[in-house]
Amino acid sequence: MADKQRKKVILVGDGAVGSSYAFALVNQGIAQELGIVDLFKEKTQGDAEDLSHALAFTSPKKIYSADYSDASDADLVVLTSGAPQKPGETRLDLVEKNLRITKDVVTKIVASGFKGIFLVAANPVDILTYATWKFSGFPKNRVVGSGTSLDTARFRQALAEKVDVDARSIHAYIMGEHGDSEFAVWSHANVAGVKLEQWFQENDYLNEAEIVKLFESVRDAAYSIIAKKGATFYGVAVALARITKAILDDEHAVLPVSVFQDGQYGVSDCYLGQPAVVGAEGVVNPIHIPLNDAEMQKMEASGAQLKAIIDEAFAKEEFASAVKN
């Protein structure tokens, strides 16, 4: 696999996130082949036809309504399939129904002979990334979740608006669960090497209460958007496109994705969001940022919360019987 061109993507799930992701791939000229799988075959046929009409403005690409068997020679399978988060519902409320969907999808993808990389975006993403690893039997590095990539983008954008700097020049991360127990790594947030906490103090941008409020607006952004329009999909779609490009082009880009935890942060046997080098083999190398004591406690708490849910779910025979890892 290391020597072949990584240009074929199979998307499973043609809902709001999936179709937005497909549109992002077309707009950005990412991948040479895109197959779309969904229970609603006509929807995938319609989207494939509609998307193909944009190719004359972007770059050549084969786009089609696919079946699970088409994943056999794919380089990347992207999972957006799952029940959507409803108003007032947390990502963790989705666990069991989306575990069932994930088990079914992953089993069918693996049965096709697929040997590439799994990229998981369905929620709760850290738990479903773990489940994809368990159900697939794949090496840990070849199962990647979108993790805190969207949260980090939201964080950088919120900071950029406050300090009047291009968001791409803000170096800051959200880590932990993609959800309510996530946290901001303020100890390493900086612009051009200047810590943002110091910048705030010197330039009178934000006081302590405003800093807390800014983070909370980032953490709770999905709830706000869901209450207004029913779902979030544009931001995560572009985040997935960015991760896709890093994998297909073997970029070795540092991105905040959902990574298997081996005890580096006092957390084991689960996936959590942290920066990692991402390339053709998936997670090439996790980057373990040295956290301060408060941040370490938050990472441990986030992991403990997810691990408890994982253990409870996988104690059930319907999931335990499908485990390959």
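Each residue's number is its place along the chain shown, starting with 1.
Yeah, the Cβs are placed from backbone N, Cα and C, and that goes for glycine too.
The feature active site, proton acceptor is assigned by Swiss-Prot to His178, with sequence analysis given as support.
Summarising the environment of Gly82 (NAD(+) binding site), the number of other Cβ atoms within 10 Å of its Cβ, over all protein chains shown, is 25. The annotation NAD(+) binding site is assigned in Swiss-Prot to Val17, Asp38, Lys43, Tyr68, Gly82, Ala83, Ala121, Ala122, Asn123, Ser146.
Gln85 (substrate binding site) is surrounded by 20 other CB atoms, counting those within 10 A of its CB over all protein chains shown. Following the DSSP three-state reduction, the secondary structure of Gln85 (substrate binding site) is coil. The substrate binding site feature in Swiss-Prot is assigned to Gln85, Arg91, Asn123, Pro124, Val125, Asp126, Asp151, Thr152, Ala153, Arg154, Thr232; the stated evidence is sequence analysis.
According to DSSP, His171 (beta-D-fructose 1,6-bisphosphate binding site) is assigned to a strand segment. Taken from Swiss-Prot, the feature beta-D-fructose 1,6-bisphosphate binding site covers Arg156, His171, and the record attributes it to sequence analysis.
Taking a C-beta cut-off of under 8 Å and a sequence gap of six or more, Tyr223 (phosphotyrosine) has no contacts in its own chain. Annotation source Swiss-Prot lists phosphotyrosine at Tyr223.
Rounded to the nearest whole angstrom, the C-alpha distance between Ala121 (NAD(+) binding site) and His178 (active site, proton acceptor) is 10. Summary: among the binding-site residues (Val17, Ala121, Val125, Ala153), the fewest other C-beta atoms within 10 A of the C-beta are counted at Ala153. Val17 (NAD(+) binding site) has Thr232 nearby among the recorded positions Gln85, Val125, Arg156, His178, Thr232, counting only those with a Cα within 10 angstroms of its own Cα. Here the Cβ of His178 (active site, proton acceptor) has 31 other Cβ atoms within 10 Å, regardless of which shown protein chain they belong to.
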